[in-house]
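Positions annotated as ATP binding site by Swiss-Prot: 42, 43, 44, 45, 46, 47, 48, 49, 50, 63. The compositional bias 'Polar residues' feature in Swiss-Prot is assigned to 306-338, 443-452. The compositional bias 'Low complexity' annotation in Swiss-Prot covers 361-375, 453-463. Per Swiss-Prot, phosphothreonine is recorded for 184, 187.
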């Protein structure tokens with residue numbers, strides 16, 4: 001904070017010059033910093049430190065820059081926030097000029113990332129909450145993409161930049177430090193690798209469709225409650241390389257076909273094949289009819305029982321049938337049902353079964369009983385050995401039930417658009433009696449063609465799974481998503497070098513001239529140097545981490561030595577006291593003997 005104060009303690013005139021760019025007109029309220037009462041630091045954004053504060057008797061979040069290098073990001077966020085006004089975008093109250101900071105709406109629920117993967121205890125949430133969050137995110141981004149005269153690309157959509165308010169029921173987009181006008185078509189790679197569209201880190205010109213790709217990853221993340229590409233690990237360029245080669249998050253067991261189709265379309269390698277954010281809003285709005293309860297506040301567990309729930313973070317009672325989508329290794333291998341480490345989505349309320357049964361009786365098309373596998377009864381927090389999940393399969397059955405007799409609308413739609421989202425396969429529901437944290441899990445869909453399943457060659461958990469259904473001899477589906485057939489994903493030698501893409505924009509090699517051997521040689525040399533640079537930087541990071549560990553161990557050793565020295569001194573002091581007391585005891589004993597002898601002499605003489 002002292003650095004931020006130093007960086008922003010210049011005169012108000014220089015601060016005004018920094019904010020008032022000649023090519024833009026900013027519409028914001030200038031706030032006197034003396035009116036703000038800072039309470040605590042709550043995190044960081046694309047730039048600067050974010051603090052919770054009081055301003056005019058209400059909670060606000062203030063973002064202060066820490067160095068001169070963050071001024072550009074500050075200008076970008078101030079410019080973009082001053083243009084927007086949407087219920088799903090964080091509100092800008094104004095800005096301070098001395099020190100330079102933004103004053104924004106405060107989100108008491110924290111980020112979506114913390115709700116999904118934060119510290120214990122994690123809240124329970126339903127499929128309705130997950131779908132509602134994605135719908136609200138798409139509505140906010142669609143608003144950005146439709147702005148006039150210049151639309152905006154956020155470029156850094158990810159759960160840490162999505163804030164929750166109103167008990168976790170309302171989502172707001174924040175952190176516009178990397179946003180740009182669509183006309184800008186930036187070519188650097190700001191953002192986060194796990195949610196980043198391939199065209200962004202490949203250095204190509206990109207459009208608003210990069211936000212669509214990020215949205216698709218977020219949809220997968222809120223359904224599975226798992227971090228995307230977490231199994232890859234390592235530096236960011238490892239994830240970039242995998243995404244470039246066609247790897248996508250594994251498909252989800254029992255996920256209804258409409259949601260799966262929308263999600264995989266967003267992952268398309270070709271941006272033109274991805275749906276627009278406006279189309280996503282229409283699809284999600286249509287699907288939300290089958291997910292009631294999104295307006296109910298999130299519930300946090302009051303306590304954990306001693307038997308199996310005290311450490312819910314490691315609970316692996318549920319399984320998701322997922323498949324790797326590394327398209328460079330296609331095979332006929334079915335993936336094992338991988339345990340979900342974050343099983344936290346609560347079951348739908350029991351009233352859904354009543355609504356479903358009523359709709360089925362009205363339509364006359366379906367007759368599905370409330371079996372144990374598809375039960376949606378709410379269980380109390382103290383129940384043990386019960387399965388707590390939101391079975392997406394019954395949601396799909398309700399979609400079929402409510403639309404089987406619906407008159408189709410006029411007009412036509414493109415293939416794989418939401419016009420044919422009701423083409424649903426058979427649902428297989430599995431059961432498990434282990435206690436665990438709740439999630440949308442066990443989403444297995446059957447009835448697809450064999451030979452379409454690929455697996456990551458390094459996966460340690462591969463086994464064959466078959467179905468017992470009498471109507472099909474095909475194996476249970478664990479189908480990965482693959483990009484267009486025309487996409488080169490076999491890792492050939494002509495793949496672009498990816499190491500330099502993780503460098504800062506100014507350090508990346510310029511594109512060579514293909515007709516010049518000298519230019520190509522310089523480019524290849526620069527790429528090799530960039531790869532070596534990244535290797536050295538990684539080693540430095542590991543060594544620094546090891547240094548910190550050794551420093552911590554050294555500090556602990558010093559503390560242990562100090563404790564040992566203190567104990568030795570205390571022991572020596574106690575020995576001295578014992579010796580002194582022993583001497584005093586002997587003296588007292590001698591004095592007692594003298595007194596007794598004197599008394600005996602007196603008695604003898606008397």
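Cβ coordinates come from backbone N, Cα and C, glycine included.
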Work out the three-state DSSP category of residue 48 (ATP binding site). coil
Under a criterion of Cβ-Cβ distance under 8 Å and sequence separation of at least 6, what residues of the same chain contact residue 44 (ATP binding site)? 50
Can you tell me whether DSSP puts residue 42 (ATP binding site) in helix, strand or coil? strand
Report the member of 42, 48, 50 (the binding-site residues) whose C-beta atom has the most other C-beta atoms within 10 angstroms. 48
